[in-house]
């Protein structure tokens, strides 16, 4: 599904601020995988995701998604195969448009965008039905502007928008970090639900090591722009937060929360 | 008489409402103040004036059609100006404000070339306004009827467009570019589309203005973007933004109100030479009102005490 080979990203190349954010990263993700990614600040987690999503180009290496080489594809083109949720709840939606208009934008990602009606009756029924799965009552507020939603509701909506067009890859960059504990729990539950899709490969960055081991089927740890640990199955079941800290001398208090 | 002053302001205001709707597209939908407007409105006026002048040599039966064709060309040339600004911004990464200034500067020479001279007089020529006047048997306010018709058509077309899939993508671009790219939309292409259509409408307004006032002058564009911005803000503050349709109508009415304020000020004896200063002051007040807008509506909400729709 997702194949990353020798991926390197250097910021400010040739300047005194030169920084190697990703150093020869090799990684393989399969369909149905739900991979949690941990690592302290500056480890290269977000850079990895941004390289996969095409926010900025990589220095060298290749990224292949489902057999298609997307290394040089512009961000908006590869977005057809990739769903994304950002850390900032403001970043995932158009705040001055209604819930159903936002859903339509996400839903039509893989369809032609011409002068068709923005939302057809069938679309509206589908959105309503699917929104009720979130269990937040949003299905009755489809004509309200997104600016009226709380952070948790927005993040749930963004998550839903990220998967509505059936992407191959779902990238979650600390998508619950800005939420209060109960909203974060709810969005994580929804993440588990959507990640169950066997055709989808999900990658989730989190600073919460406990959540990283509880959710998904695979955990990778990044340090200094490289993948230092990649565990799954039994090894992962036996792994605890304490062991991780001992093994990797993690000194970031935030990760213990 | 004051009523005559107001009706004349309405005639002119309806033309400026097309300008305001164009500025609305760039300023609100794309979230970029676009200075191309000062140039593209003259381009529209110049094209329209040249076409109407050329029509005078043709069979009277087709003159009317040619005048309308002139407006279509005004729209298309305006679009061209907007497209250049958008390309400077997206391809060469020039800041939107600066890109607009560059096009506004350069287009002055192009407008002069189109006209061939500094101004064109259309006073005895056939125009859409003289045609409407004839069609209505010399009705004194036929220009208002025509203005309302054109504004209504433009509003309906814009509303329809902004409710399509493409329209959604355009509106989201001004709201949140990151989200738009994540949704598989090229934000560059949306800016190209938005600025083109926006300046197309501005060009159309210029074309109408030339035919209405009976002349086109290369210097007539100065301050037009300010009038457009003022109209958008005044309209939104006075008439509300609850639904998209309401918002479009509000913007169009904002232009009418703006012209009426200016008209009354002139009627009360303000020297026309002070016009630009007064325009700038009105826009400053309008922008400040926009800033205070949220407090203003909050205050309204409070005073109505729990009314659901307040």
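Heads up, the Cβ atoms here are built off N, Cα and C, so glycines get one too.
Per TrEMBL, the feature transmembrane segment maps to B:6-27 (among others).
Long-range neighbours of the transmembrane segment (B:39-56) within the same chain, counting only residues 6 or more positions beyond its ends whose Cβ lies under 8 Å from a Cβ of the stretch, are 19, 62-63, 66-67, 69-71, 73-75, 77-78, 81-82, 103-108, 110-111, 114-116, 120, 122, 125-127, 199, 202-211, 215-218, 220-221, 224. Under the heading transmembrane segment, TrEMBL lists B:39-56 (among others).
Sequence-remote contacts of a segment are chain residues at least 6 beyond its ends whose Cβ falls under 8 Å from one of its Cβ atoms, and for the transmembrane segment (B:62-88) they are 22, 26, 34, 36, 39-41, 43-45, 47-52, 54-56, 94, 96, 99-100, 102-103, 107, 126-128, 131, 191-192, 194-204, 206-208, 211. According to TrEMBL, the feature transmembrane segment maps to B:62-88 (among others).
Sequence annotations record features per position, and here TrEMBL assigns transmembrane segment to B:97-114 (among others).
Under 8 Å from some Cβ of the transmembrane segment (B:139-162) lie the Cβ atoms of residues 7, 10-11, 13-15, 17-18, 21, 25, 29, 128-129, 132-133, 168, 170-171, 197, 201, 204, 208, 212, 244-245, 248-249, 252, all in the same chain and six or more residues away from its ends. As annotated by TrEMBL, transmembrane segment applies to B:139-162 (among others).
Per TrEMBL, the feature transmembrane segment maps to B:192-212 (among others).
Annotated transmembrane segment per TrEMBL: B:218-239 (among others), in sequence order. Residues 16-17, 19-20, 22-24, 27-28, 33-35, 37-39, 41-42, 45-46, 104, 108, 111-112, 115, 118-119, 202, 206, 209, 246-247, 249-255, 257-258, 276, 279-280, 282-283, 286-287, 289-290, 293, 296 of the same chain, all 6+ positions outside the transmembrane segment (B:218-239), place their C-beta atoms under 8 angstroms from a C-beta of that stretch.
What TrEMBL lists as transmembrane segment is B:248-269 (among others).
The transmembrane segment annotation in TrEMBL covers B:275-293 (among others).
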Practice problem: Report, as numbers and ranges, which residues of the same chain sit near the transmembrane segment (B:248-269): CB under 8 Å and 6 or more residues beyond its ends. | Solution: 2, 5-6, 8-10, 12-14, 16-17, 19-21, 24, 151, 155, 158-159, 227-228, 230-236, 238-241, 275, 278-279, 282
Quiz prompt | Positions whose Cβ lies under 8 angstroms from the transmembrane segment (B:6-27), at least six residues beyond its ends | solution = 33-34, 37, 41, 78, 82, 141, 143-144, 147-148, 150-151, 154-155, 158, 194-195, 197-202, 204-206, 208-209, 212, 224-225, 227-229, 231-232, 235, 247-248, 251-260, 262-264
